[in-house]
Structures are given as C-alpha cells and as structure tokens.
Amino acid sequence: MKLVFSALASLLSGASATIYYAGVAESSGEFGVWSATQTPGTGLPGRFGVDYAFISEAAVDVHVDQNHLNLFRVAFLLERMCPPATGLGAAFNETHFDYFKEAVDYITVTKGAYAILDPHNYMRYNDPSYQPFSGSVIGNTSDSTAATTEQFGEFWGELASRFNDNERVIFGLMNEPHDMATSLVLANNQAAIDAIRAANASNLIIMPGNSWTGGHSWTEGSDPSSALLNQFKDPLNNTAIDIHEYLDYDFSGGHLECVSDPETNLAALTAWLKENNLKAFITEFGGSNSTSCQEMLPDLINYMADNAEYIGWTAWAAGPFWGPNSPCCTNSTQLGSLEPGSTAVDGSPGLYDTVWLPVIQPLVPTELQWSGPASISGGELTSRA
C-alpha cells in the first residue's frame, strides 16, 4: 500500500504542478501614440518617461519580492524600435532599445524573474495611431506600404541576437494578429522562428494565432488558427502557443461583467493542444472588481493549473502609466490597474487591491521556476515565500 500511495502522490503532484511561470503584463511601453484623428506619426518616437515607459522598478520589486511572481510581459512598439523612416528590420533606434533592455535586464538579471518581449502591434507596422486597426498588415503583398514577412524575420533575428545570452528572456512574436489570413500569420511566425534560431538563440518562443489569438475562437470560423498553426517548425522544439482569453460577453475584456465560462470556451483549444503535443501560455486575461469577475477569474486560473497543456500566464495589466485608468472595462474606465499602489479616479483602491490581491494572488502557485532557461518543459519548481 505504501508503494501505491507513493505512486499516487507522485502522479497527483505531476498533474497539479503544470504552471511554471506566473505574473503580469507590463503595459505602458506602447502608450503615447493614439490619435482620435488617426494621424500617422503621433507620439513617435515619443519621450521616454513622459509619453511612455516600460516598467516601474519599484512595482516590479513588489510583484517579485512580496507577491513572488516570476514572469513579466513587457510591451513595446515596433515603430519605436524600428522607426518608419528606416523601416522594419535590423536597424534599431539604439536609444530606445537601451531603455527597453534596461527594463528587461532589471526583471531578469536584477530580480531573477523571466521576461516576455511583446511587440504590441497586432501584426501591423508603420502607423500605430489608431491601434488595433491602423497600420499595414505585415506581409500583405497587395499593400505597397506594408513591411514584408522577410523584414519581420530580420527584426526578430536582430532582437534575438541581442538577447540570446539571456535564458530568462522569452520571445513573444506578436500581440494579437487579427483580420488577416491565418496562412499569413503562420508565414510571419515561421519567418520569426527561423530568424531567431539562425541568431543562435535557443530561448523559448511563444507564437500567436489569428483572431486576436483568442482561446475561445481557436477552432472556430472559416479560417481558424487550429487549421494551420500546428504546421510551424522549430528545430529546437521550444515554441509554445500564445493565448488571450477574456471572460466578458464578447471576449474583449472591455466590460465590467464576466459571463463566459472558461472551461467551456477553452475545451476545444485544450483538446487541440493535447492532440498536437503543444503547450500554451495565456498572456492576457483579466476583469473588473465585479462580483461576477471575482467568481470567474479563479475558474480560469484553476483551469490552467488543472490542465497540463498550460504552463504559464500573465494577467492584464500592470504598468507605470495607467494612473486611474483601467486595463479592462471600457464602460467604466477609471478603476485603476494591477500596478501596486494603483487607485481609482475617486481615490478608492484600484484593481491591484480589489482584484489582484484578493482574487488572483491567492492562486499564484507557491512554487514556480526560478532558475534555468525558460522552456516548454519547464524547470525545477521552488518557493520564494
């Protein structure tokens, strides 16, 4: 009986310890370019620390030292890294890159956590003034102003060459491609993967699908991600799928109430991942401080923990420039954010105090990966508590 119980305990431990990486999305690096009149060039290149910033080191300290998070998804804009005057590719704005690298190094070197590099561009380039809809679709050969698939690969080859010695850096190929052919999403992803590996970078890659890379829609529609996204090739077999999943009625994350059951809506994706022997991160999810979201957010986090296909997550969103504004709930936009110390517009506690601490923080695994390279198979789980 002792052997039976020992084997059972081992199986149960393996089944429950599937989350290796947990944290927050750091959103502010993409700020400062939006224009109500969709005026190209608005906010470019922008003033670092005034129009945009990547992280608050003090907030990262709180999330690592007190909340014991080991993953941060750091947003940036392609147009700031690769100015439109020179085009998408290997020519970087070195001043901007240095600011970005400083943030990534603080997370990974100083704090010993992991960082996802997040080009927050919706598979578009040259005009972020009306995101997520402005700009030319990368690889669209019918648009003479569009950056090419080859240029996208060149960009990723250059970026990877600058981080290939940092095993704690994860390459998130693109935020939320949408309204384009899934075959083009695959082609762009593959160009990036090929260039990253050619740059002698063995880092973990996370790869998006089409239709805002939504988990609920992964197998749906006439051109679903599920039909093609399993055809990518990575010679190192170190690429995971990047998923976003919100719980409001239209899956946008823009409403106060959570009404979409994650177990039901992720079932088809989870089956697809299992069938194709793939792993996934959910790098965007979140909700308001409503009762419905307080009930359903744990359902999503527990679903990931209970299904071995999911190995990491980042909640949307923290970031130094949110102020009282909210990364959720466009019908009530000033509830604060997941940034420590955030407050709502009326001075009451923000989403960090009303959602993160009471709802999400208790579900952060007590053991996460704190050493070794990020990978689809994870690493040794240890506690920092």
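Including glycine, each Cβ sits where the backbone N, Cα and C put it.
Feature annotations, courtesy of Swiss-Prot:
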type	residues	note
ACT_SITE	Glu176	active site, proton donor
ACT_SITE	Glu284	active site, nucleophile
CARBOHYD	Asn93	N-linked glycosylation site
CARBOHYD	Asn140	N-linked glycosylation site
CARBOHYD	Asn200	N-linked glycosylation site
CARBOHYD	Asn237	N-linked glycosylation site
CARBOHYD	Asn289	N-linked glycosylation site
CARBOHYD	Asn331	N-linked glycosylation site
SIGNAL	1-17	signal peptide
Practice prompt. To the nearest whole angstrom, state the Cα distance for the pair Asn200 (N-linked glycosylation site) and Asn289 (N-linked glycosylation site).
Written response: 44
Item to complete: Please work out the number of neighbouring Cβ atoms within 10 Å of the Cβ of the residue listed as 'active site, proton donor', leaving out its own Cβ.
Response: 22
Worksheet entry | Sequence-distant neighbours of Asn93 (N-linked glycosylation site) in its chain (C-beta under 8 A, six or more apart) | Pro45, Arg80, Met81, Cys82, Pro83
Worksheet item: Between the glycosylation sites Asn200, Asn237, Asn289, whose Cβ has more other Cβ atoms within 10 Å than any of the rest?
Response: Asn289
Worksheet item: CA-CA, which of the recorded positions Asn140, Asn237, Glu284 lies nearest Glu176 (active site, proton donor)?
Response: Glu284
Worksheet item: Using DSSP and three states only, what is Asn200 (N-linked glycosylation site)?
Response: coil
Worksheet item: If you draw a 10 Å sphere around the Cβ of Glu284 (active site, nucleophile), how many other Cβ atoms fall inside it, taking every protein chain shown into account?
Response: 26
Worksheet, complete the sentence: Per DSSP (helix/strand/coil reduction), the residue listed as 'active site, nucleophile' sits in strand
Discussion item. Please identify, among the recorded positions Asn140, Glu284, Asn289, the one with the smallest Cα-Cα distance to Asn237 (N-linked glycosylation site).
Written reply: Glu284
